[in-house]
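Feature annotation from TrEMBL assigns transmembrane segment to 27-48, 60-79, 99-121, 142-164, 198-217, 238-261, 273-293. Annotation comment: TrEMBL describes 42-293 as domain 'G-protein coupled receptors family 1 profile'.
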Amino acid sequence: MADNSTRRCISSFFLVGVPGLQDLHCWIGIPVCLLFSLTLLGNSSIIVTIRLEPSLHQPMYFFLCMLAVNDVALASSTAPKMLGIFWLDAHCTDFDMCLAQMYFIHTFCIAESALLVAMAFDRYVAICMPLRYTTILTTPTVSKMGLAGVTRAVLMVLPGPLLIKRLPCYTQYVINHAYCEHMAVVKLASADTRVNRAYGISVALSVMVLDLGLIATSYIKILQAVFRLSSQNARSKALGTCAAHVCTILVSYTPALFSFLTHRIGKKVPPSVHIIFASSYLLVPPAVNPLVYGVKTRQIRDRVIGLFFPKRKISEN
């Protein structure tokens, strides 16, 4: 008992929400609720549509289905607690529950990044090696790629909570954030946290540099292949198949990069701005991704319309 008391001086944390905007929490909860509802509805529609429509049982749509499942999990690990803070004043969270939320949030974020890499590879094979597409991206291969992305995320994030557990004492308990974020928790420790900080920045940089590098390499190869096509119509059609994925990449990585940079070098950025961007990174992409693929991908759009309006004639080419 004495050892546990020394190891962790507090048993719970107090999540502030959005510092400086506490009076507006009730209103801030409205877009959070809307985004969460849109995430559940949109991604569930994508999952059900791909599951029920045999013509969508292709690698591209399998990856999209994995992304939808991951988006639901990511939003579900964040939004309910946020709504509890904004609407119910449920600011307190148990120490272990905080670590669990932190673990799942970062795991799903890294898994999402891996899925975006897999989807970029899918487009690369489809455009650069179309005759070998079905032999390279078989169903077992797609499953292994998804499993590899999840395994990488699980193993990369696992040291985070374990390193936090090893810190000898927490004398501060107020987290100026809307959820349990790694660095926000580490800063509360009354101990040398250089190992924790080094771990956090190394994981973030390795994931961003590696994944963005692989995505960029795929699209450089894609562009080289597209511009070798003689037909303008063929070029437009090839690039059109990548439009939804490019939009998803921009939606996912832009707030992530801004949040990462402001957290470490943006000393003059108000805390409220940082918290809003950090929260947007977790809530906006899961809500927007189904809309992007629904608008940009005719097969998904037509099948979703058919799902909700079965009597409506589905357009086919």
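Cβ coordinates are placed from backbone N, Cα and C, and glycine is handled just like the others.
Just so you know, TrEMBL annotations never went through curation; they're auto-generated.
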Contacting positions for the transmembrane segment (27-48) when only residues 6+ beyond its ends and CB under 8 Å are counted: 17-18, 21, 64-65, 68-69, 71-72, 75, 79-80, 82-83, 86-87, 279, 283-284, 286-287, 289-291, 293-294, 300, 304, 307-308
Close approaches to the transmembrane segment (60-79) from elsewhere in its chain (Cβ under 8 angstroms; 6 or more beyond its ends): 32-33, 35-36, 39-40, 43-44, 46-47, 50-51, 101, 104-105, 108-109, 111-112, 115-116, 118-119, 122-123, 126, 139, 142, 145-146, 179, 248, 279, 282-283, 285-287, 289-290, 293, 299-300
Positions whose Cβ lies under 8 angstroms from the transmembrane segment (238-261), at least six residues beyond its ends: 67, 109, 112-113, 116, 119-120, 123, 126-127, 204, 208, 212, 215, 219, 222, 225-226, 229, 274, 277-278, 280-281, 284-285, 288-289, 292-293, 295-297
Per-residue pLDDT averaged over the domain 'G-protein coupled receptors family 1 profile' (42-293), given as an integer: 87
